[in-house]
Amino acid sequence: MAAQWPGWVTGVYWGALECTGTAQGVQGKGARVPVSCAPRVTAIPARWSSALGSILGIPSEKPSDTLGQHPPPVATSKEEQDRLLRGRPDQPHNPKVLRIAIIGAPNAGKSTLSNQLLGRKVFPVSQKVHTTRCKARGVVTHEDTQLIILDTPGLTSPFKAKRHKLEEAMLTDPWDSMKHADLVLVLVDVSDHWTRNSLSKEVLKCLSQFPQIPSVLVLNKVDLLKNKFILLELVTELTEGIVNGKKLEVSSAFKDNSSSSAKSPVQITQTSPPEKGDNTWDNSSDARASESRLGTEEAQQPKHYGPRDLKNMKGWPFFQEIFMLAALHGEEVDTLKRYLLLQAKPGAWEFHSSVLTSQSPQEICNNIIREKILEYLPLEVPYSVIQVTEMWEEGPSGELLIAQKLLVPRKSHMTMLIGRGGKVISRIVQEAGQDLMNVFLCDVRLRLQVEVKS
Ligand SMILES: Nc1nc2c(ncn2[C@@H]2O[C@H](COP(=O)(O)OP(=O)(O)O)[C@@H](O)[C@H]2O)c(=O)[nH]1
Ligand SMILES: [Mg+2]
């Protein structure tokens, strides 16, 4: 049965999306530069203290180069994408590579951060948990370095997985990603009062299972914090007071001398000195060095913790860096990206430099449409929608024509998905179409048809 609403073709809404504006340096008529591809360049070097310094207003050096680039569009045909993925990657003279797993609770912002690092939105993002259902790779190629980003479903427990009716793969994927990672980013949503003070047991389990993989703590959504000083407390809790083998000391200058406004109100010091020849520290700590009291302490090696140890742990004392950012707005994302590029080790590229993601064009499209359905409909609807692509072809002017059927089990679901006067479905078409244009950098005509599955 197909939907009917006044003035429109039965059950069908053609969202004809015309592009405006042209992207510089990008081929294709009417292509748009995605908003997310112009992150604000802020502070280097990439020490955790510099990220914190920028939030607290401590001056830092300007970056010597920007990461401004035009990430490649995704190929619009599966054949072309397959050819790029299967073919031998191009290689610079001295290729470097870093595989990065991003783990954290559902909704921490893993996909948002991945998209920002990539400079183009290829992973679905939503306020609803479990938007990312399978692992996919994103590829950043910058000069001779390739970053391979493994966006994972949120780490969750078997109990919660059962409650959300999640597939088995959602429990095993993050673990799988860790096996292939050279570095792990642990993302924490600092705006979530319930979860921000400790790492989840799943995250701690994951970290202790792979103690040899360097880990970095990323505090996300700092834009939502009114009181940024809470970050200092969180850093101490989430690291058990130790970063890179050195003890942290956090104190507020307000306590000592509340009338001093010239002085930085906060001191964070590491009681043991950085390794010799660690230039990034030398460069970044000018503003703080005079205030730091440096002593010495033995650096501990990560060990394998048993379930009983983990039970009593709130944080992880083996992070090698801390970053604080707002992935949604691209704030401090370049600082992190620069740091990641520096961590890459000599090794062959795994992907051709024209590849942005390992997903097929159809997968990206399905995920983006699903993201919108998740965003605008109550939870019981999105999980029951079956997407069937009926058309995927190039139109006469080089535009991409996509028609998809959305099959739902109940008429009530169809009514909700279409919305009053087609309002909901047309919004989904508009927003998904816009996102798809930014992914493929060409005009996209998207048609969605809602039907009750017979
Ligand atoms: N305010 C704010 N929201 C964010 C930020 N990063 C992500 N979000 C939002 O958090 C929600 C979950 O993001 P998503 O990337 O899907 O999380 P994931 O489940 O960890 O992949 C989305 O609504 C994002 O827009 C941020 O830095 N600031
Ligand atoms: Mg996600």
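Glycine is treated like the rest: Cβ placed from N, Cα and C.
Non-local neighbours of the compositional bias 'Basic and acidic residues' (77-93) in the same chain are 143-144, 348-355, 358, 360-362; each lies 6+ residues outside the stretch with a CB under 8 Å from one of its CB atoms. Sequence annotations record features per position, and here TrEMBL assigns compositional bias 'Basic and acidic residues' to 77-93.
Positions annotated as domain 'Era-type G' by TrEMBL: 96-347.
Among the features that TrEMBL reports, region 'Disordered' is placed at 59-93 (among others).
Summarising the annotation, TrEMBL assigns region 'G3' to 151-154. Confidence annotation: the region 'G3' (151-154) carries a mean pLDDT of 66 in the model.
Per TrEMBL, region 'G4' is recorded for 220-223.
Positions annotated as region 'Disordered' by TrEMBL: 256-308 (among others).
Look at the compositional bias 'Basic and acidic residues' (77-93): DSSP puts its residues at 9 helix, 0 strand, 8 coil. Summarised by DSSP class, the composition of the region 'G4' (220-223) is 2 helix, 1 strand, 1 coil.
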